[in-house]
Amino acid sequence: MDVNEVEENFFAPGDAKLHGKMCNALSVIYCKIMSIFPSLEAARPRSKSGIQALCSLHVVLEKVKNILRHCTESSKLYLAITGDSVVLKFEKAKSSLTDSLRRVEDIVQQSIGSQLLEILMELENTEFSLDPAEKEIGDQIIGLLQQGGNFESSSDNNELEVFHQAATRLGITSSRAALTERRCLKKLIERARMEDDKRKESIVAYLLHLMRKYSKLFRSEIWDDNDSQGSSSLPCSPTIQGSIDDAHGRAFDRQLSKLSSFNFRSCNNNRRSSQMSVPPEELRCPISLQLMYDPVIIASGQTYERICIEKWFSDGHNTCPKTHQQLSHLCLTPNYCVKALISSWCEQNGVQVPDGPPESLDLNYWRLALSVSESTDTRSAKRVGSCKLKDVKVVPLEESGTIKEEACESEYQEDQVTLVERCTELLTTLTDVDTLRKKCRVVEQIRVLLKDDEEARILMGENGCVEALLQFLGSALNENNASAQKVGAMALFNLAVDNNRNKELMLASGIIPLLEEMLCNPHSHGSVTAIYLNLSCLEEAKPVIGSSLAVPFMVNLLWTETEVQCKVDALHSLFHLSTYPPNIPCLLSADLVNALQSLTISDEQRWTEKSLAVLLNLVLNEAGKDEMVSAPSLVSNLCTILDTGEPNEQEQAVSLLLILCNHSEICSEMVLQEGVIPSLVSISVNGTQRGRERAQKLLTLFRELRQRDQTHLTEPQHTEVTSPEDGFSVASAAVTETKPQCKSASRKKMGRAFSFLWKSKSFSVYQC
């Protein structure tokens, strides 16, 4: 595999959100190793140490992949403050790769060993270090974290200025970028909760607090959104696996040692050593996590440090931080009993009694605040969900303004508005507005929302979006509005991406007849084909689409000059449909075999490989075999691929020819007349594993046919025996049946073909 191809498929310059220089250097080495990895596997070490070396390299490569993915999918703010730990992970990956490559170098051939040596030299010369500008940004954000822990923090204007400067330097300069950053932070919080890492959760919660607090800075920005109609791959959550280990944790601790004012503490700042007893949870404030100086009771019955709970209330909370219970009042009652218990515990354990309230607020505060906010949003979501889209107040759309402007205005509302409320608002607006023009603007907003938000697809599907969009598409067809048809089709496409439930709803709601109506409009072919591709991935949809007008339509696209993406989608859709055996007669009757003939020898690999994959599905049907044998140039094209194709294509072609030649001796004669023996011998030595096996089987088949043909030719054709009694002759070997005579004639031709091919001294019978 080519290095550039591996790199293009996995990591491209600019993918990394931060630490791009380190990522690019490591990804180049990763791609070089991956390009020769098949050769390493092909070495097939027999010794235990060799197998362990290869397995070790595979594990290290997975860790490298996870590190690069972490830098491309994680939060920019989080990457900035954990720069030191990221550098440590890169250094550890470098060390592990070096060790693994040295072990593998001993078990491979010299030619591959020289390539490994070059990679090792490049790896050893690679230095990983933080970019000074990125380190400065990280220090700025850490400074904000320190200020966020103070009860008497600096003014919001100063905080705003510092955060805006840091965010701008990180590229968070638009509403779109701010939304992406908030989503990344939420995913980090979810992972921290799964790992029960309260420190990490608290720090990320405060970063999310800052993002929410200052997202209004970006709300006036206009972003550009280009939809990819044929893309079904969506952003996935960051995967931080074994590469984040104990060493990373220690580096993270060192990085945050500067934040000692808000690290988790078991007692006050004057604690003696790490060996002293940990205070009972009942004596520590749930917010500051320290021994309480002035414990007070709130309406829920929980006890807190006075200064901490007062800040909680002053920030607008009217719930208990620990139980999330709505408080009937915000009065504070001193808890003298707990204060006495604290004094007693300190005396017994030799710990100094707190002599004042904490000077700073632990970041645990922000974790609790986020938890309360999420529980409130959940209750709001349940209330909105239970109302079933009724009695919801919606802001009507204005008559003027472009789709892009309105999408920007509604896409980024206040952070307090939940996703459920947004989905509900859009669906209700779509139902309430009366003109197709207004509906079109709403559907465009829905399309943008669904494009890269899996949760939105789920919520929209559960709340009637499928039916609403199909109704809109029907109206667009009735009014012959091409642009509305395209917008509606792409909204349905986005709704169906990676969501089988929504696909099932579309089928049940009658999407196929609407798509068949759209086939009359050439401008809609691209969006219609994209939906067919999306639906064809669903098993339940294959028989429905296979028996519709979609099959002749998509087969016709393979013949005609149309958009490349449209033709690609059609070919992939037909491949999915061909995996369902009852569809094969319909595909054959649509003349699919002839349509694929020219694509099998296309200059572009994507056409050849997928066309051969479709043919491999069709050849499993008896009628499919007959159709292929009778196709004018298909067998010739397959033989050409044996000589000029890529290894995977050669494997597919030889598999097809093996099945066809086993099915028909006529096909065997056609294949041999193409002079394929040298190509088959080459594949049997240098092809893929399956390609080698099938090339050998095909050569064996030809050898058996040749031997049978030679035996037949050497047998006496006619033997006369004279009877002594009556003196007449009897033809003991006479053959009178028509069918065997035809076979004999065919074998004579085969014999001539074989005798011609085996005259070459370069290829003996034993080579076949």
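Each Cβ is built from the backbone N, Cα and C atoms, and glycine gets one as well.
Some features that Swiss-Prot has for this protein:
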{"type": "DOMAIN", "residues": "278-352", "note": "domain 'U-box'"}
{"type": "REPEAT", "residues": "454-497", "note": "repeat 'ARM 1'"}
{"type": "REPEAT", "residues": "500-540", "note": "repeat 'ARM 2'"}
{"type": "REPEAT", "residues": "542-579", "note": "repeat 'ARM 3'"}
{"type": "REPEAT", "residues": "581-620", "note": "repeat 'ARM 4'"}
{"type": "REPEAT", "residues": "623-662", "note": "repeat 'ARM 5'"}
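Each residue of the repeat 'ARM 5' (623-662) gets a DSSP state, and the totals for helix, strand and coil are 35 helix, 0 strand, 5 coil. Residue counts of the repeat 'ARM 1' (454-497) by helix, strand and coil are 38 helix, 0 strand, 6 coil (DSSP-based).
Within its own chain, the repeat 'ARM 1' (454-497) is flanked in space by residues 227, 229, 232, 234, 385, 388-389, 419-420, 423-424, 427, 430-431, 436, 439-440, 443-444, 446-447, 503, 505-506, 509-511, 514, 517-518, 521, 523-524, 527-528, 530-531, 534-535, which lie at least six positions past its ends and keep a Cβ under 8 Å from the stretch. Long-range contacts of the repeat 'ARM 2' (500-540) within the same chain, counting only residues at least 6 positions beyond its ends with a Cβ under 8 Å from a Cβ of the stretch, are 229-230, 232, 457-458, 461, 466-467, 470, 473-474, 477, 482, 485-486, 489-490, 492-493, 548-550, 553-554, 557, 562-563, 565-566, 569-570, 572-573, 576-577, 580. Over the repeat 'ARM 4' (581-620) the predicted model carries a mean pLDDT of 87.
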